[in-house]
Structure formats: C-alpha cells, structure tokens
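What follows is one structure encoded as structure tokens, with my remarks underneath.
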Ligand SMILES: CC(=O)N[C@H]1[C@@H](OP(=O)(O)OP(=O)(O)OC[C@H]2O[C@@H](n3ccc(=O)[nH]c3=O)[C@H](O)[C@@H]2O)O[C@H](CO)[C@@H](O)[C@@H]1O[C@H](C)C(=O)N[C@@H](C)C(=O)N[C@H](CCC(=O)O)C(=O)O
Ligand SMILES: Nc1ncnc2c1ncn2[C@@H]1O[C@H](COP(=O)(O)OP(=O)(O)OP(=O)(O)O)[C@@H](O)[C@H]1O
Ligand SMILES: N[C@H](CCC[C@H](N)C(=O)O)C(=O)O
Ligand SMILES: [Mg+2]
C-alpha cells in the first residue's frame, strides 16, 4: 500500500474534533503539513501551540508565521493575521489531528505496545526477532531508535510525541510493515502521546520504583501504566485485543482489572498462568526452560542471561502466540537471538576478566543484573554505577545500597548529571550505604571509575558497568559529551595490555 502525504482541507482535517472555534472562516484553507515546533514549520503548515514543561508554544506563534504557518491551533485566541482555531487541549487535539492527517495508520498495522519499569526495549527486540523469523515485515519504536526493517531513525524519547508517532506509522505502512512493536512509557501515557494509537496487544513487564520525580507516588505511577490497558481496544474494530500480563508482579491484578479485553497471563510462580516457564536453569552461558502455552509446550535454550530474560521471553512469546505466530518460529527466534545493544553486553578486548555493560538504571534492574552476575562469577564482582541528574532522587540511596549488597566493590560515579551538581548526586547515593562494613569508592569522573575497576580486576573477576548501556554520551550541565562505556572500557583494556607487553 503506498500512502502519500496528503494536502488536506483544514476543515476536513478538523472533522474528528467536535468542538472548536475559529477567528476567521477556514473553509478554503488547505494545509501542507502539521508541526508543533515553530522551528520546523514550512510554508503552508498548521502550527499547533503546546504549552510544555519548559516553554509555552503559544509564545512562538510569530516565528511559526514567519516560517510560513498559514493557520494556528491554540488554547486561546491570538492576535495574528492567519486563522486561529481554538480548542481546550491542544495536545489531545494534536493526537487526533495527526491520526487523521496520516490516515489512521495504526488501524492497518498490527501494533503491540510494551509498558513496565524494566524490559520494554528488550521485549520489543525479542518481538522483532520472532516476527522476522516468521517472515513478517517489522517496525519498532523505543529508547534506542525507530526502525523500519533494518533502516534506523533517531528518536528523542522512548515514546515519541503523537505527531512523530503517527508519521512513523504512516512511513511503516508505506514500507509494507505488517507488525510494529513500541515501548510505551508512563510519561507518554500521562501526556497522551499515544492517543490515536490503535493497539492490538498491550504487554506489562513489571513495576518497581522509578520516575518518582514525575509521578509523585507509586500509585500514580501504576495508574499511568494502567492507562495502556484501560485504553486498549476503545474503538471496536472486530479484531480481538489482548492484554499480556506478568502475573508474578504484585501489581498484575490492578492491570488485569483495568482492561475490558482478553487477558493472557505469563509467569513462573503464580497459579493458573496461561503461559508458564518451568524447569528454569540459569548459568553463565544463558538460560533454558520449558514454556507451556495454550497451544503447546516448547523447550527453549537461550543465550540470554538471568531470570529477568526468561520473563522477557515469556512476554514476547505470549504476544506472538496471540498474533498467530507458530511455536516453531518463536522457539527458533528465541534460541538464536543474542540480545540488545547495551543490555548485558559483554566487552571482549583481550582481557582475562569479564566486562559487562548494562542499562540498569533502576534499583530493581541493578539488583537483577548483579544477582545474575554474582551467581556465576568465580572471582570478585565490581560495579561502576551512577544515578541520573534531574531524575528520581529517591532511587539514589537504594541503588547505592543494592550495588554494595551484591558487588564486592562498588564504584559510585556520574551518569548524566544534567543540571544537578554531580557531587550532590553522589552524596545522595552514599546516604544509602553503611560505610563501616560496605566496600565502595566515589570517583566522580566516569572514565576514571571504569579505569579503576578495570585496573583492579583479575582473572575470573567481572566488572559490571551499569546505567548507560547503549548511550553514547554523558550530559553534564547543558553540554553533551561523547561517552560510550563500551568504547571507554575497550580503550582502557587495550592500554593496560599494551603496558604489559
Ligand atoms: C518532561 C517531558 O516529558 N518533556 C517532553 C516535552 O517537552 P516540554 O514539555 O519541555 O516541551 P517544551 O520545550 O516546553 O516546548 C513546548 C512546545 O513549544 C514548542 N517550541 C519550543 C521552542 C521553540 O523555539 N519553538 C517551539 O515551537 C515545542 O516544540 C513544544 O511543542 O515534550 C517534548 C516533545 O514531545 C519531549 O521531547 C520532552 O521530553 C523530554 C526531552 C524528556 O526528557 N522526557 C522524559 C522525562 C521522558 O518523556 N521520558 C520517557 C521515558 C521514561 C522511561 O524510561 O520509561 C520517554 O518516553 O522518553
Ligand atoms: N524484565 C526485566 N525485569 C527487570 N529488569 C530487567 C528486565 N529486563 C531487563 N532488565 C534490566 O533493565 C535494564 C533495562 O532494560 P530495557 O532497556 O529492556 O528496559 P526499558 O524498560 O526499556 O528501560 P527504559 O525505561 O529506560 O526504556 C537491562 O539492562 C537489565 O538490566
Ligand atoms: N529513560 C530513562 C533513562 C535513564 C538512563 C540513565 N543513563 C540516566 O540518564 O539517568 C530516563 O530518562 O530516566
Ligand atoms: Mg527502553
């Protein structure tokens, strides 16, 4: 199916919005595009004013008009020479308009949304592997990138704004994508970035502490996650919709109750699971288990490490089963996949000890990763870890405590301090540690912290570099510096090996 970007009669475009008012008649206004950023406006565009967390888009109307905007969607009347359409909520209106403008693309896509504190990126990549094994054309949107087949596009947010989303889905349909997998963050659900997305399947991975800077309580955070399930299948189109829920998570019942659609539960320990892993074996080479499903049982021998990976595989397999993918394709894909960039990624640079780069930046993910490493490490475990600035402060002492509990030596360092004082972040972390009995060091400079760990590690030891995973930058103040944990570790190891020659 080839879709072209339409030039639309503004009045027609607004037909999905029931209540709005205009300053001048808009009967003959044709628009060539929609933008919410005045800097991106091109001649003939509609500019949508969003009042954001940092600035108010209404203040950029003049710039938008200078750049060629021929109409404005706003939350208040404005004194300008082009038609102004006013609505009570421009973010919501934008989601509706974007959906209409791009011809409701998700109605023609098999769309799977994944939410939860940890595992969203991992599950979307497992889905991609499974669907590709079943010879489907795939699309993916998440923390690392937007993908159409093997083509990659940059993203600013894990779940982009509604305009970017609908444009991406339209692009996917142009490229004949059958199924798309996307991470749905709690921020996006609260901000309505996914309004207009017609999800066929919604997956819940787990809920543990994070983002308490944005959601004031865990209850609010849970409620945000539940929106994906309460909004599932709002527009009945005759196709079955499924909520896939990790029943071993203590919040599962709330999510099950929040949806009116069919529910498939997965897990290991709970009663009456639809998809269950049994005989789980974990070791330094990966994981193996039997997966019982409503359509048969398969044995899986995967290279993915840790119990959390077993949960991710169950989640992806459950969604694939609901999508009609064969157990054979699921089994083959799970057995051949080697994991995602920056998630439990080994650094192999000729050293005699292990180095693992992992995106653990929450208390729960850090605990999972360190427990997994500790379970097979023959020597000492070192962890290099920091906590992001301008993010949940209350997770800092918990992450530090987790680090010293499971590692033999923890090196507390910087991880995107952003506008905060890196020393204060480190102080917040150290609050969680009993300095008398627990082994840690504070080394603010991340490169030096990695260097310390790598220089001290001996054969059979393992160094875990946590928190930044695939990231290739370090944000300090307003400046974004190049920084890639994998590259930095490799360079330091090479220097050490050179000296030893
Ligand atoms: C707090 C938050 O979520 N902010 C998001 C929000 O930005 P904002 O409200 O600050 O926007 P703003 O800068 O005030 O601008 C308001 C409006 O004015 C417009 N503007 C602005 C300047 C100008 O010159 N002209 C102009 O027209 C902007 O285009 C915008 O429409 O809207 C932007 C566009 O959609 C987002 O990129 C931005 O995400 C920021 C970068 C962010 O860091 N968000 C994080 C907290 C987030 O959303 N994270 C989740 C993942 C969490 C997880 O790991 O689970 C995510 O989905 O990414
Ligand atoms: N199911 C899981 N349960 C707990 N921890 C997990 C799980 N899956 C992955 N992890 C850990 O969490 C880290 C982040 O995983 P992943 O990137 O898949 O999560 P995410 O939900 O996409 O995170 P983000 O919110 O930053 O987008 C991994 O590096 C790993 O340490
Ligand atoms: N999506 C998460 C990623 C955190 C990654 C970590 N490296 C940090 O910068 O805190 C956030 O924006 O909170
Ligand atoms: Mg992610």
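If you go along the chain as it appears here, the first residue is 1 and each next one adds 1.
Each residue, glycine too, has its Cβ placed from N, Cα and C.
The annotation ATP binding site is assigned in TrEMBL to 116, 117, 118, 119, 120, 121, 122. Secondary structure at residue 119 (ATP binding site), as computed by DSSP, is coil. Other C-beta atoms found within 10 angstroms of the C-beta of residue 119 (ATP binding site) number 26, with every protein chain shown included.
If you look up TrEMBL, you'll see 391, 415, 416, 417, 418, 467, 471 marked as meso-2,6-diaminopimelate binding site. Annotation for residue 467 (meso-2,6-diaminopimelate binding site): same-chain Cβ neighbours under 8 Å, separated by at least 6 residues, are 359, 360, 361, 385, 386, 387, 388, 415.
Positions annotated as domain 'Mur ligase N-terminal catalytic' by TrEMBL: 31-101.
Here TrEMBL flags 342-469 as domain 'Mur ligase C-terminal'. Summarised by DSSP class, the composition of the domain 'Mur ligase C-terminal' (342-469) is 46 helix, 25 strand, 57 coil.
Summarising the annotation, TrEMBL assigns N6-carboxylysine to 225. The Cβ neighbour count for residue 225 (N6-carboxylysine), using a 10 Å radius over every protein chain in view, is 27.
Within the same chain, residues 361, 385-391, 425, 446, 467-468, 471, 473-477 sit at least 6 positions outside the motif 'Meso-diaminopimelate recognition motif' (415-418) and bring their C-beta atoms closer than 8 Å to a C-beta of that stretch. The annotation motif 'Meso-diaminopimelate recognition motif' is assigned in TrEMBL to 415-418.
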Mind giving me a neighbour count for residue 418 (meso-2,6-diaminopimelate binding site)? Other Cβ atoms within 10 Å of its Cβ, every protein chain shown. 16
Measure from each Cβ of the binding-site residues 119, 122, 391, 415, 418 to the atoms of ligand 3 and list the residues where some distance is under 6 Å. 391, 415
Here's one to test understanding: among the binding-site residues 391, 416, 418, 471, whose C-alpha is closest in space to the C-alpha of residue 116 (ATP binding site)? 391
Cβ-centroid neighbours of ATP site 116, 117, 118, 119, 120, 121, 122, 8 Å, sequence order: 114, 123, 183, 205, 206, 312
Would you list, in sequence order, the residues of this chain other than 391, 415, 416, 417, 418, 467, 471 that have their CB within 8 A of the centroid of the site's CB atoms, where the site is the one recorded for meso-2,6-diaminopimelate? 361, 386, 387, 388, 389, 414, 468, 474, 475
